[in-house]
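According to TrEMBL, the protein carries these features:
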- B:Ser142: active site, nucleophile (ACT_SITE)
- B:Asp296: active site (ACT_SITE)
- B:His325: active site (ACT_SITE)
- B:75-327: domain 'AB hydrolase-1' (DOMAIN)
Number of protein chains: 2
Amino acid sequence: MLENPYYTADVHKDFTLISIGELALEEGGVIPDCTLAVRTWGTLNEARDNAILITTWYSGTHQIWADAYVGPEHALDPEKYFIVCVNQIGNGLSVSPHNTADASISASRFPHVRIGDDVVAQERLLREHFGIERLALVVGGSMGAQQTYEWAVRFPDKVLRAAPIAGTAKNTPHDFLFTETLNEQIWSDPGWNGGEYASNLDVHDGLARHSHLWATMGFSTEFWKQEKWADLGFASCDAFLSDFLEPYFTAMDPNALLTMAWKWQRGDVSRHTDGDLAAALARITARVLVMPISEDMFFPVRDCAAEQALIPRSELRVIDDVSGHLGLFAINPAFIPQVDAALRELLAAQ
Amino acid sequence: MLENPYYTADVHKDFTLISIGELALEEGGVIPDCTLAVRTWGTLNEARDNAILITTWYSGTHQIWADAYVGPEHALDPEKYFIVCVNQIGNGLSVSPHNTADASISASRFPHVRIGDDVVAQERLLREHFGIERLALVVGGSMGAQQTYEWAVRFPDKVLRAAPIAGTAKNTPHDFLFTETLNEQIWSDPGWNGGEYASNLDVHDGLARHSHLWATMGFSTEFWKQEKWADLGFASCDAFLSDFLEPYFTAMDPNALLTMAWKWQRGDVSRHTDGDLAAALARITARVLVMPISEDMFFPVRDCAAEQALIPRSELRVIDDVSGHLGLFAINPAFIPQVDAALRELLAAQ
């Protein structure tokens, strides 16, 4: 186990660690004691029909949802819903390469995990720990959208509504390549040492380069041209990098990022239907709002729209945001109102 | 001087090295013996009014123009025009960090060169060596578009027509950041050694990573989704990387790429007008066709269109190509016909 102050309650508040026991993985590995970091809001009603599941994105945790998306002023309203955010496996809070006490899966020995493994783990957690059999809504962004689609295809009877934001049901080749360039920034740092580093600080340079790729692909060309970082209180483009993006990513665990990236690259609901994406998406019975971000550089609207067209009870709802993919951070004041309006409409629909 | 088989007549045919003497640079450095690699086609007529200048892009040379753009079947027709392609300073053929015999500027000591330095050198070459005072057309792609704009703003009386393809007059902040990520792949390779390597092969890994960034930004998301590499005879996405993009970039000189990148990042015609881009572009008297590529990820159409709107005798002509920026390689059979049609129209206009 490695110390890392980023993955503590000081930064990530009010979460609980819950073990779902042994998790056998699609790729053949095993997580002997699969511990999930879970944040909840609100109360499950007697009918057990007001549960919402939030899934997390690459490098993300429940905290951004707590800070920006959930609250009585939002569609994700704890006064109405019992909201459960499950941190994805390998995100540094749930069981991950750096935080497991089990030497058989620590650091470089952490097994390959798939989106489907996360969803199976989440379903077991919800059923066994909370007694939840059906979800009023599954919502997530980016890799969280991958999990949302996986839920709707794998467990169609359990998902009444789904809102995949800025992500796809089947990962695209371009996305695979982009994610690989993120990985290469880590792998190429001698401090990474095949995953056997003593501290994430040993991989500082690689993680800093990794953050620079997020600068060019995570935001849009127009975000930079319009100097939108100024709206966030930064004095310059350089300051936005050195005081926000670099510290944000260099604080993280390199093996955690690599674990998530491996999943992200291979997200694909058509694994359920022998590679037939249309057949997989046709399984979905949930009402679905497909919500790409207008300026997303790597989950572009057209990729999301093409999938939406294959989902029976679905609608495309483009979120207009010049920020690009990392609009998910809710940095533009106009972002959350669009998400809220869409989710309110979806939650009101039968 | 370092041996590098890529920068030889075996690969780059029919070019001539011409010295224009000492070149004092905008940033204060000096190239004592500025040797330019020049490729010409056709004959200068008696009126000396049929000259066309071609400028080169980052990592590019005259060879792609010879292979794809110039010929009797093209708008750039050697039977009508005297066509001069000048390789940019630092591109590995013209004077560059690895090929200079002058130890004062070799390898890590090569001075910072600006787009304006290239254009000053080209103007001197054309005037002193070829007796050319006016150009029927300046045309170039990407960094070649930067040089094209610089020509039209710096020497308005010498440029009758200009065709900047897939590039901007003032580099964008996003472009700067993207180029920096390219540089970082080289800098982070221990074999680069501050620019004092024994062979470009010492920097193979960094150059390979560099090529992977071109995969995600140089081509469009749709290029990959539609598997357009298959049209080029490759059996898979992986083969396109390992058999084309990686060998293409790893053959190059790392310091040459860094020299070009430094220029690219700082291309800006508004240096002539105290930062006033509109004033700089208003200087242009040439007839201009601004030609972005529809799917370009880092010189997007809107950035080019915004500049075009500031140029008096100009028109926007978007080249429709799913390839993205590296459509410049003329990999799509529909690319060159669009360029030819536009250039023919431009050359026919007064």
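Easy rule for this one: first residue shown is 1, then count along the chain.
In case you wondered, yes, glycine gets a Cβ from its N, Cα and C as well.
Because TrEMBL annotations are produced automatically, they should be read as predictions rather than curated entries.
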Cβ neighbour count (within 10 Å, all chains shown) around B:His325 (active site): 25
Assigned element (helix, strand, coil) containing B:His325 (active site), judged by DSSP: helix
Segment-level pLDDT (mean, integer) for the domain 'AB hydrolase-1' (B:75-327): 98
